[in-house]
Amino acid sequence: MVEGDAVKADKAEFLECWQTTWKTPYIMRLALSAGIGGLLFGYDTGVISGAMLYIREDFEVVDRKTWLQETIVSMAVAGAIVGAAIGGWMNDKFGRKKSILVADVVFFLGAIVMAVAPFPGFIIVGRLIVGFGVGMASMTAPLYISEASPARIRGALVSTNGLLITGGQFLSYLINLAFTKTKLTWRLMLGVAGLPALVQFVLMLSLPESPRWLYRRDRVDEARGILERIYPSNQVDEEMRLLHESVEAEKAEEGAIGDGSIIAKVKGALNSQVVRRGLYAGIIVQVAQQFCGINTVMYYSPTIIQFAGFASNTTAMALSLVTSFLNAAGTVVSMITVDRYGRRRLMMISMIGIITCLVVLAGVFFQSASHAPAVNALESTHFGSNSTCSAYISAPDASSWNCMSCLKQNCGFCANGDSEYLPGACLDLTKAVRGKCRSNHRVWFTEGCPSKIGFLAVVVLGLYIISYAPGMGTVPWVLNSEIYPLRYRGTGGGIAAVSNWVSNLIVSQTFLTLVEALGAAGTFLLFAGFSLLGLVGIYFLVPETKGLQFEEVEELLKQGKKHKSSKGQKEVLAQ
């Protein structure tokens, strides 16, 4: 966004966004082209959930070792942490456009590495490279869009990045389903990820740098030329004047920052009360976004649905497609409401819905585990004594085992041939035994057990996504694109993005381990507790920035308020 005339927040509606972009399609071209970075982010998030089902089938060591599954998933997040950190520096040093182009090249190379991986370690390397590109794109794209958008529609346009994230997730599930019947399955799923990066690279070559960044580098004529394509001619002079005043004021304050290195910028940011307050808000919403458990749903959605008793890979991915569609639909709702109802309010309402759904989901999984089918000794020897789970054979309490007892011992449950809900067999977790079970027209369970109420878990997951997407799904990125002064915007956005990815790494690397230790019910209840803490943090630390110019946001933080002063509006001091 570039400074412009103040516009009342209640006029900043989604309809105005489309009216403006209809008259000035160049604005939408900038937003959509940069927003492909969100598509990369979304596709990578969604594709691994389905690909993992088939990676486990191809590599038995992955199927048996939970930590290896978690590492394959989370290594992209580890790469994103580095990418987001370096991306913040690159944004300020080389510009937003060049940062996006570099991210595209890195992502494309990572996709190729994953597609040709001969063993699990190679997949991990590819995931690390892809993650580096995703981390850069995740913070650069909304920043670029924000700085090229008029204030009155800034939130809606930045939300296009969120829409493309969820669109990428939905696309990944469609592609996963399309490749389930092919021989290369997961290789095609992961390799196709390079195509959006290639498309964005080509599109960005013809687009300009951020006008704010250009002006900051004394490339005034170039900045003016871009503004002339974004704003009506009668507003350009005023925009240039405001931009000049803003940049000059920032330059005057930067003497204490030093040589402009990352360390100097971070020190300068932390020494500024305004930036610190912005970071309190920016980091709390990014951490809360992850610890509400959303990426356990995105990274492990088919697996979670298998927890609910749907054993088929294809069925699990098809049902996951529903949650992904709801996520995309919820993002559209966010685009309509973010500039009308405000960032803070949407996030608080979203968190309340998330907490409720997580508690109910925990209850559903608890009931499913409590009523799992029993293990029958005769059934367990039906496929030969060498096929029976060794832990079951040696267990002193084998007669009390049920399906969940079997799965906790890293064995597989072969359902009864007459009905999934009757006592079944507890067998070794190997490809050969799995083949024997399926050849007898029985269902093979490794993640969850047959359950008559499993469908409720899918319903609640859908409600969880509906609660998450319009608020916590996109608003944290909108808030972080507008809450820092220009001189620290790349640094502040980078720090907040790193906090997001570190939280993401912790959650994704520990989810399956937590499920093994606490059960699915205990794990989702834990996320509900984290979400409650996030709600409290948002209430006390996050200001409302809807419809405000960057200068007004800075003044709001300087005064330590959550709301801009207005007639009849209560001011609440930030803690």
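Using the three backbone atoms N, Cα and C, a Cβ is placed for every residue, glycine included.
Remember, TrEMBL labels are computer predictions, not curated facts.
Residues 21, 62, 69, 72-73, 76, 96, 100, 103-104, 107, 120, 123, 127, 130-131, 133-134, 137-138, 140-142, 144-145, 148-149, 157, 160-173, 175-177, 180, 185-186, 189-190, 192-193, 196-197, 199-200, 203-204, 207, 295, 298-303, 313, 316-317, 320, 324 of the same chain, all 6+ positions outside the transmembrane segment (30-55), place their C-beta atoms under 8 angstroms from a C-beta of that stretch. Summarising the annotation, TrEMBL assigns transmembrane segment to 30-55 (among others).
The domain 'Major facilitator superfamily (MFS) profile' annotation in TrEMBL covers 30-546.
Residues or ranges marked as transmembrane segment in TrEMBL: 67-89 (among others). Residues 44, 48, 52, 55-56, 61, 99, 103, 106, 110, 120, 123-124, 127-140, 262, 265, 299-300, 490-491, 493-495, 497-498, 500-502, 504-505, 508-513 of the same chain lie 6 or more positions beyond the ends of the transmembrane segment (67-89) yet place their CB under 8 Å from a CB of it.
Annotation comment: TrEMBL describes 101-119 (among others) as transmembrane segment.
What TrEMBL lists as transmembrane segment is 125-145 (among others).
Per TrEMBL, the feature transmembrane segment maps to 157-179 (among others).
Positions annotated as transmembrane segment by TrEMBL: 185-207 (among others).
Under the heading transmembrane segment, TrEMBL lists 279-298 (among others).
The transmembrane segment annotation in TrEMBL covers 346-366 (among others). Sequence-distant contacts of the transmembrane segment (346-366) (same chain, six or more residues past either end, CB-CB distance under 8 Å): 285, 288, 292-293, 307-308, 334, 337-338, 453, 456-457, 460-461, 463-464, 466-468, 470-473, 475-476, 519-522, 524-525, 527-528, 531-532, 534-535, 538-539, 542.
With a cut-off of 8 Å between Cβ atoms, the residues of this chain six or more beyond the transmembrane segment (453-479) that come close are 142, 155, 158-159, 161-163, 165-166, 281-282, 285-286, 288-289, 292, 294, 297, 301, 304-305, 307-310, 319, 322-323, 326-331, 333-335, 337-338, 343, 346-354, 356-358, 360-361, 364-365, 367-368, 500, 542, 545. Annotation comment: TrEMBL describes 453-479 (among others) as transmembrane segment.
What TrEMBL lists as transmembrane segment is 491-512 (among others). Residues of the same chain lying 6 or more positions beyond the ends of the transmembrane segment (491-512) and with a Cβ under 8 Å from any Cβ of it are 66, 69-71, 73-74, 77-78, 80-81, 84-85, 87-89, 91-92, 135, 138-139, 143, 262, 265-266, 269, 275, 278-279, 282-283, 286-287, 289-291, 293, 295-296, 299-300, 303, 476, 480-481, 483-484, 523.
The transmembrane segment annotation in TrEMBL covers 518-542 (among others).
Scored by C-beta pairs under 8 angstroms, the transmembrane segment (185-207) has its highest count with 101-119, from the stretches 101-119, 125-145, 157-179, 279-298. Per-residue confidence over the domain 'Major facilitator superfamily (MFS) profile' (30-546) averages out at a pLDDT of 86.
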